[in-house]
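A short worksheet on the structure shown next.
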Amino acid sequence: MIELGVNIDHVATLRQQRHTVYPDPVQAALRAEDAGADLITLHLREDRRHILDADVHAIRPLLRTRMNLECAITPEMLDIACAVRPSDVCLVPEKRTELTTEGGLEVAGALDAVRDAVARLHDAGIRVSLFIDPDIAQIQAAAQAGATVIELHTGAYAEAPDGQAGPELDRLRAALAEGLRHGMRVNAGHGLHYGNVAPIAALDGIAELNIGHAIVAQAVFDGWEKAVRDMKALMVQARQQALRGR
């Protein structure tokens, strides 16, 4: 069944706004697991704007599920990933001026660098995914780079005006088929929330959705565990309905 990766970055964002010790991302990770999260996702950015090195090191040994560490392809970040050895690393693009990740990794234009990073992480026993736009050329390049997992950037779908998401959903569907054709595990994420997650979760073959901001926001009103449970329930229900409708 489809898996939910709960991204805890914005728990850390709330903490860093006042440079306090709360809310604690460690507790967020553990309580998300209790509520049904299948993995915990966190992005250690070069500017350390939310998740800190100490968070990564504290969370890693405590998880009962999996850690999915998002990071840029830099010597520093690859060193940290190889030292921490999470079960999964998702390589992402990064710009210091962006509010959040703005697009997918440019794999086709930096094939050698991506291939080297993937090989190094694989040698450390880490499964590697590449966060890419739902573009056939990028998926083919990801396969050439040796990646066994891709995460499709759902931002264009999530940001489409009401009633106009259909073409973006078709694009994601085609990208999913291409990834599966290459024998890859295909995940997805970015901008997904309670009102738009169902059509993505219904795509048979999507293994995992990584969602954070929407869950953190809903937790303000409903509490953390309920926000996680409700997102997971929406995903599972959408997938089950899609399978029954075949």
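Even glycines carry a Cβ here, placed using N, Cα and C.
Binding of 3-amino-2-oxopropyl phosphate is attributed by Swiss-Prot to Asn7, Arg18, Gly212, His213, and the same site annotation extends, among Gly36, Gly191, Gly195, to Gly191. Each of the recorded positions Asp9, Glu70, Glu151 was scored by other CB atoms within 10 A of its CB, and the lowest score goes to Asp9. Burial estimate for the binding-site residues (Asn7, His10, His50, Gly212): highest at Asn7, by number of other CB atoms within 10 Å. Within 10 Å of the Cα of Gly212 (3-amino-2-oxopropyl phosphate binding site), not one of the recorded positions from the list His43, Arg45, His50, Glu151 places its own Cα. Note on the recorded positions Arg18, His43, Arg45, His190, His213: the fewest other CB atoms within 10 A surround the CB of Arg18.
Using a 10 Å Cα-Cα cut-off from Asp9 (1-deoxy-D-xylulose 5-phosphate binding site), the recorded positions that qualify among Arg18, His43, Glu151, His190, His213 are His43, His213. Put simply, His50 (1-deoxy-D-xylulose 5-phosphate binding site) is 11 Å from Arg18 (3-amino-2-oxopropyl phosphate binding site) when counted between their Cα atoms.
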